Amino acid sequence: MNTNAVIAIHGGAGTILRASMSASAEADYHAALHAVLSAGQRVLADGGSALDAVSEAVRLLEDCPLFNAGRGAVYTAAGTHELDAAIMDGSTLDAGAICCVTRVRNPILAARRVLERSEHVLFTGEGAEAFAAAQGLEFVEPEYFHTEARYRQWQLARGQQRAMLDHDGATLASAPSSSDDDPTPHEPIDPNRKFGTVGAVALDQHGHVAAATSTGGVTNKQVGRVGDTPLIGAGCYADDATCAVSTTGSGEMFMRMVAAYDVAAQMAYRNVSLEEAAHDVVMNRLPKIEGRGGLVAVDARGNVTLPFNTEGMYRGFARIGETPVTAIYR
Ligand code: ASP
């Protein structure tokens, strides 16, 4: 039994505007992260697999409207939602992913089914939805994914007639104030300038690691655009021999750097620690092509690292029997 079992999660990275921060919003984020970590921790404490722990954590993050995945996902240029997710089992290198789905309530559960029940790794669009339907997964109307906050973000990005990576657009920093029914009022990380992808990595008591990542993508993205999240090696990677990694940030740069796999590859080929490999990818390599964001990673010894090159990242980790640790800022 591995006594270092641990789960780590993220809920997006980006620019913090202290002026727009409210104590209650900050508390909401900490509470949401804490609840998700507690659920993942329970799975691990009960002897569950890392794969089960990351599936459950990401499913809960998808259901929480505070984050840009599942309910609360951002809008495409056509005013729709297109969701991407991936999951990988470090004990077998099995992987599953789906992209551009519009009605699957929990994309991570569809990705898990791809991992477990398909000979393929990645399904897109209609084919992905047909696969999810055949697997009996829950479908929702597109309105389910709507939140006022993301809709307003989309309106702002549209007004600028460009795709808006969440961290871009300093002019958007002074977005109109929130309405009363807004589920994400005054969130600590400016919603117009953050990456809201969610993800989880875990090491279980059996010594296996797994990773899962899920996103709505970036606001006002072109229909059909796919980012790093559902691409094995870019937004998600897991191998017992090295580590499990889930990323968030400017997807195009994470794809070009094959960021998640690079952490594992550096450990394998350069024989460096998890911490050193992750630090190099996030602090040295990604910034060279203006890649912004961060990642969470664990290795098979139970080391955890949560580096980011933005001002903040919603994040946390929990070991069995210990109080979960959550954080937002540097
Ligand atoms: N990496 C995601 C994407 O490019 C965005 C994010 O992390 O929020 O789709």
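Every residue number used here counts from 1 along the chain in the order it is shown.
Even glycines carry a Cβ here, placed using N, Cα and C.
As written in TrEMBL, here are the features:
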type: ACT_SITE; residues: T197; note: active site, nucleophile
type: BINDING; residues: R225, V226, G227, D228, T248, G249, S250, G251; note: substrate binding site
type: REGION; residues: 169-191; note: region 'Disordered'
Check your understanding: Given the binding-site residues G227, G251, and counting only Cβ atoms in the protein chains shown, which has the most within 10 Å of its Cβ?
Key -> G251
Practice item. Sort R225 (substrate binding site) into helix, strand or coil using the DSSP assignment. Key: coil
Check your understanding: Taking the Cα atoms as reference points, how far is G249 (substrate binding site) from T197 (active site, nucleophile) in Å?
Key -> 8
**Study point:** Sparsest-packed among the recorded positions, when each Cβ's other Cβ atoms within 10 Å are tallied, from T197, R225, D228, S250
**Key:** R225
Review point. When you measure from the Cβ of T248 (substrate binding site), which residues in the chain that are at least 6 apart have a Cβ under 8 Å away?
Key: H10, G12, A13, F195, G196, T197, V198, G199, T213, T215, G293, G294, L295, M313
Review point. Same-chain residues six or more away whose CB lies under 8 A from the CB of V226 (substrate binding site)?
Key: D84, C99, C100, T124, G217
Check your understanding: DSSP three-state call for S250 (substrate binding site): helix, strand or coil?
Key -> coil
Check your understanding: Could you give the maximum C-alpha to C-alpha distance in Å for the residues R225, V226, G227, D228, T248, G249, S250, G251 that bind substrate per the record?
Key -> 16
